Every structure is written in C-alpha cells, then in structure tokens.
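Lifted from TrEMBL, the feature list:
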type: DOMAIN; residues: 1-166; note: domain 'TLC'
type: TRANSMEM; residues: 12-30; note: transmembrane segment
type: TRANSMEM; residues: 36-57; note: transmembrane segment
type: TRANSMEM; residues: 69-92; note: transmembrane segment
type: TRANSMEM; residues: 134-154; note: transmembrane segment
Amino acid sequence: MIIWFYSSLGGIEYVIHHFLSLTAVAYSMMTGEGQLYTFMVLISETTTPGINLRWYLDTAGMKRSRAYLINGVVIFVTWLVARILLFMYLFYHVYLHFDQVKVFLDCHLNVNLLSYNCFIFTFFTKQVKLVHSYGLLLIFVVPFILSVMNLMWFGKIIKGLRKTLAKRQ
C-alpha cells in the first residue's frame, strides 16, 4: 500500500525511509546486532502521533485553531529532540566506540577471519560479538540517510511553524 499511495503519503522519501527502517529493524531482530542503534533510531518514532494529529487537524479544517498551533510547537520540539539531537548523539556514540567498530572492520576485511587480532579481541572481550559486514553497513549508512531526511523534514517543519506564527501576528 505504501508503494501504491506513496505520492500522496510524502513522496519517494517516505518509501525509502520505511524500507531502510524495516530492513534495519528486521536485521537487528534476527541477528541481535546493532540493537542499541536500532533502539535509538526507533525513539525517533515518538514524533509520529504529533504528525498524525497535525494531519487530522488539517483535514478537520482546524488549521487556525489553538490546538493546531500548540501541536506545531510540540512537533518542532519533539522533532528537534528525537530526530536531530538524538541522531547527533548516535553519531557521537559511534565515533566514541569506533575503535571497537574498527576491529570489527579489520576482522571482516581480513581474508583469514581467525587472525590473531580478531581472536585476541573476541577471546578477551567475550561480551562483544563480531558484527557482520551487512550489519556494519546498516550501522553506518542507514542512520546517515535517515538523518539527512530528518534534516530536510525539519526544515519544512520550521518553515511551516514560521508561516503559522506569522499568520497569528
């Protein structure tokens, strides 16, 4: 249904957003890899009820209501926290722990997967599980693409909030 009605739901960005999210969540659930980052990205879905309420208020002809204005401000704040600041923290967290990720990359790019570095790393840190190459791709690429989309949508939210506030003056 998303593919059938994507143009009226938000365009191709809507399809890409949901496809990437579905892929990352399914992979994380099946393998147990990257769960922290998956949960961090899923927190961004706290903005969805506000977006749905905005659509409802618009459809009900309540664009000039106080509820519409309050909802716009709440969307702005929740989007800023859950989709901008949280993603910044996610990238900061990946950066802080890049030495662990680098060992994962070294192990996966090495022809001999049981090389000395991989063995020592996995032997002495039993709680750390090697992330497969596809999981690494999801850890690096999916949040980046989603954050670019979130920034684009945040720009639209700011523009819409300015427009709504200007009409109120």
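Just so you know, glycine gets a Cβ as well, placed from its N, Cα and C.
Unlike curated entries, TrEMBL annotations are predicted automatically.
Nonlocal intrachain contacts for the transmembrane segment (134-154), taken as residues 6+ away from its ends with a CB within less than 8 angstroms of a stretch CB, comprise 13, 16-17, 20-21, 23-24, 27-28, 31, 33-34, 37, 41, 44, 79-80, 83-84, 87, 90-91, 94, 101, 104-105, 108.
With a cut-off of 8 Å between Cβ atoms, the residues of this chain six or more beyond the transmembrane segment (69-92) that come close are 37, 40-41, 43-44, 46-47, 50-51, 53-54, 57, 143, 146-147, 150-151, 153-154, 157-158, 160-161, 164-165, 168. The domain 'TLC' (1-166) scores a mean pLDDT of 79 in the predicted structure.
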